Every structure is written in structure tokens, then in C-alpha cells.
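Here TrEMBL flags 12-34, 54-74, 94-114, 120-142, 158-181, 187-206 as transmembrane segment.
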Amino acid sequence: MFRTITRNIGWIILALVILYGSWLMLRLTIPYAAFERYTDFLRTKQRVYHLVHWRASFYVHVFVSTIVLVAGLFQFSKWLMLNRPAIHRTLGKIYILVILFFSAPAGLIMGFYANGGIVGRISFVLLSVLWFAFTLLGWIYAKKRRWDLHLTWMMRSYALTLSALTLRFFTLIIGVMHFNITPFKAYVIVAWTSWTINLLLAELFFKKILIKRMLGPTG
């Protein structure tokens with residue numbers, strides 16, 4: 001029983017951390033609502049800001065980021081799945097549709113113009129392609145009622161969704177630790193580690209635990 005309580009506390013703490021990160025993302029998003037070309041990150045994108053398709057992709061990607069972070073998180077609530085299945089399905093549909101039709105396509109376009117040179121661009125393009133594919137597979141297996149595979153692919157999808165938070169977290173860590181590397185190299189490192197580490201953790205640690213928690217016996 002103590003082990004169960006400890007595990008539940010761990011999940012609650014993790015969920016609160018993600019919610020706090022989502023709130024911070026929302027705060028970072030608000031200044032972009034002014035649609036001014038020199039706002040924060042956009043200062044580094046002046047060479048492409050004039051491109052309509054890039055600019056549209058950027059604002060779409062930014063404004064829907066909090067939606068998928070929060071909607072995706074609640075997909076892993078067993079209580080919600082069992083007691084409020086309609087809400088679980090609705091949030092799942094929102095998560096899938098936003099990623100497939102907005103977030104991933106916008107991220108792909110942005111990836112072709114990403115900072116970090118060709119290595120950085122490859123990372124963000126690959127991230128967007130995998131994000132789309134994993135989410136689509138999660139939806140396909142839900143339609144087939146293969147809940148184990150549905151959960152597995154949605155877990156992988158959400159691991160990539162969380163790269164929005166880990167990218168900023170790793171950037172902060174590198175800045176605080178004052179590593180002896182150039183800003184360019186630091187960005188490339190963060191571009192790759194922000195999502196590959198998430199996937200590794202999901203596969204090696206969270207996959208087995210989540211399947212047991214979500215699909216195992218109740219009680």
C-alpha cells in the first residue's frame with residue numbers, strides 16, 4: 001500500500017510539473033498576440049519573418065502549444081478514462097486533431113527554417129514527422145480498439161509534445177551552468193536532446209508503468 005501511495009504521489013507531482021510548465025508556456029505565448037516582428041524569439045528569425053507560410057506556421061504552432069500540452073496530459077488519467085469517458089474521448093480528439101492538422105504541419109514548415117544549421121533543421125523536421133506519425137498511429141489503434149498499442153503510441157506522441165517544455169528547460173540549464181560551448185553548438189544539442197531523451201525515458205521507464213497503470217485491474 002505504501003508503494004502505491006508513493007507511486008500516486010509521484011504521478012501527481014509529475015502532472016503538476018507539466019501543468020506548471022504549460023502555464024509558463026502560456027505566459028510566453030501571450031506577447032506574440034501583438035503580432036509584432038521583434039517579439040522575443042522572433043528577433044532571431046528576421047531573415048524569414050517576411051515569408052507568409054513561415055509566419056503563419058509560427059503563430060499557429062505557438063498559439064496551440066498549450067492546448068496539446070494540457071489535453072495530452074489528461075489522456076493519462078485513469079480516473080478520467082473510467083469515470084468520465086466522454087471527456088477522455090473529447091480531449092483525445094482535440095489532442096489528435098490539433099496535432100495532425102495544426103501543430104505538426106506548422107512545426108514541419110518551421111523545421112525547414114530552424115536555427116542550428118542543417119543539423120538543427122534535421123532535428124526539428126524529424127521531430128515533426130515522428131510527432132505526426134506517432135499521433136496518427138495512436139488514433140488508428142484507438143479506432144481498432146487495440147488499447148495497448150493505442151496507449152503506447154499516444155505515450156510516444158506525448159513524449160514529443162513535451163519537447164516544448166524540455167527544450168526550454170535544457171536551454172535554461174545550459175545557460176545557468178555556463179558550459180564552455182558556443183551558442184550555436186548549445187542550440188544544436190538542445191534541439192536534439194529536447195525530444196530524444198523524452199522518447200528514451202518513455203520507452204525505457206514510462207511505457208511499462210503506464211500500460212500497467214492505465215490498462216491493469218482497477219483498485
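Using N, Cα and C of the backbone, Cβ positions are placed for all residues, glycine too.
Here the transmembrane segment (54-74) sits against the transmembrane segment (158-181); at least 3 CB pairs are under 8 Å, leaving out pairs fewer than 6 apart in sequence. Here the transmembrane segment (158-181) has Cβ contacts under 8 Å with residues 18, 21-22, 24-25, 65, 68-69, 72-73, 75-76, 99, 127, 130-131, 134, 187, 189-191, 193-195, 197-199, 201-202, 206 of the same chain, all six or more residues outside its ends. Under 8 Å from some Cβ of the transmembrane segment (94-114) lie the Cβ atoms of residues 45, 48, 51, 53-54, 56-58, 60-61, 64-65, 67-68, 71-72, 75, 120-121, 123-125, 127-129, 131-132, 135-136, 138-139, 157, 161, 191, all in the same chain and six or more residues away from its ends.
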